[in-house]
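**Student:** Handing you a structure now.
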Amino acid sequence: MVNLNIALIAHDMKKSLMIDFAIAYKDILEKCNIYATGATGQLVEEATGIKVNKFLPGPMGGDQQIGAMIAEDKMDLVIFLRDPLTAQPHEPDILALLRVCDVHSIPLATNLATAEVLIKGLDAGLLEWRNAVK
């Protein structure tokens with residue numbers, strides 16, 4: 001788990017869940033380079049003490065900034081806790097982010113269950129292949 005870059009994104013209704021996730025898996029996350037959209041990054045940093053590289057808020061282009069890192073092969077894993085029950089004004093940006101993860105084979109979790117599987121896989125060394133393809 002050397003220098004892997006992880007993006008954390010959470011819609012407003014999922015921010016508290018992201019904080020709980022980050023606290024629960026702090027020992028794993030602090031071994032990685034963490035990137036996040038604006039408010040999510042600030043909340044995670046305050047709750048855990050982990051340094052978070054913060055982008056713009058999602059609706060202001062933060063999702064696209066993370067997408068650019070993915071397209072440049074500079075992001076290894078994305079945890080995006082989406083709120084599927086609330087319409088998002090920047091839905092095209094969200095879909096573009098999901099698409100770029102698929103195009104570049106970047107592991108992506110959009111709910112807590114998948115996020116936990118990915119973070120435990122990361123801890124078990126199952127994402128070391130990302131270092132080999134960089």
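Placed from the backbone N, Cα and C atoms, the Cβ positions cover glycine too.
Annotated active site, proton donor/acceptor per Swiss-Prot: Asp63, in sequence order. The substrate binding site annotation in Swiss-Prot covers His11, Lys15, Thr37, Gly38, Ala39, Thr40, His90 and is backed by sequence analysis. Annotated domain 'MGS-like' per Swiss-Prot: 1-134, in sequence order.
Give me the local environment of each listed feature.
**Tutor:** Listed in sequence order, Ile9, Thr37, His90, Asp93, Ile94, Ala96, Leu97 are the same-chain residues six or more apart from Asp63 (active site, proton donor/acceptor) with CB atoms under 8 A from its CB.
Secondary structure at His90 (substrate binding site), taken from DSSP and collapsed to helix, strand or coil, is coil.
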**Student:** Can you name every residue in this chain, apart from His11, Lys15, Thr37, Gly38, Ala39, Thr40, His90, with its Cβ inside 8 Å of the center of the Cβ atoms of the recorded substrate site?
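**Tutor:** Apart from His11, Lys15, Thr37, Gly38, Ala39, Thr40, His90, the close residues are Ile9, Ala10, Asp12, Ala36, Pro57, Gly58, Gly62.
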